[in-house]
Every structure is written in C-alpha cells, then in structure tokens.
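Undergrad: One structure is given below, represented as structure tokens, and several questions about it will come after.
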C-alpha cells in the first residue's frame, strides 16, 4: 500500500524519446491494422535519428526542455527530490509462499530447453517469442495438460495461504 494518496512523478522524456514516440504514432497511422514489432521500429528510428541534422532535431529538444520543466514543477509540488528518493519499495517477504504458476509457465518450463537447443544463439526474448508462438499453436488436448497443472498449482497455493492465515491467527 502507498503511504500517501499523491501519485508519483512521471520521469522526464529525452529528445530521442519524443522522436521515437512520434515515429511509432506515424507508423500506427500509416498501418493501423499491422501488428507492430517494436524492435523493428526502434531500429528504423535509431537510423533516422542518426542521419537527422541538428536543425531537424531541434523541435524534439524543445519538447524535452518543456517536459523537463513539467518534471521540475511536479517534483516541487510533490515535495522535492528528497521526497521522491524516500519512497521505498515494500520488501517482499522471503517466507511468503511461491505464487501459483500459469499454464503457459508450465509449458515454457517444459519446452524452453528444446528451443534453446535448436537455437543456442537466441537471446531470452527471442526464445520467449518462439515459446509464445508454440503456445498459440498448441492443440486443446496438449493445452489441457498444462491447464490441469496450473489448476493443481493454484489449489496448492490457496491451501498454503489458508494454512498460513490459520497460523497467523493462532
């Protein structure tokens, strides 16, 4: 739970951040029905940014300057930089029971070694994307196996929570 009702201050956006946002929005306007690959757009934006002149980049630097002013005003209204730094995350209880795993997680646990063996050069994100594609293509019977495992794990988690609440009330 938060200590105060005030929302945290949103960080400053860089000139390049504004540029990428603009590129992304333009792409969405041109191709509204296309499923966007963020990595592809990011690469194209990066290449375009590197070839732009300082004069072309000026408007993005101006937007960033205005955003920096907004940020400073919000920080001051929030209570200054010190107030932002004081916000701490609630520490996770190391003795808390492990949460229930999803069907996809059980599937990933079984299939990840196969994908990594077939494509040892792939990064974690690429492996995850491939696992997602396999999951979508999975038949109902095969999926039911993982759904059953997830349901059993959910029941285990509920049992552990119930037992823990019983112990807490002793």
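The backbone N, Cα and C atoms fix where each Cβ goes, glycine too.
Taken from TrEMBL, the feature domain 'HMG box' covers 11-79, 97-167. For 11-79, 97-167, the entry in TrEMBL reads DNA-binding region.
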Undergrad: Summarise the DNA-binding region (97-167) by DSSP state, stating how many residues are helix, strand and coil.
TA: 58 helix, 0 strand, 13 coil
Undergrad: I'd like the per-state residue tally for the DNA-binding region (11-79) from DSSP, helix first, then strand, then coil.
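TA: Across the DNA-binding region (11-79), the residues distribute as 55 helix, 0 strand, 14 coil.
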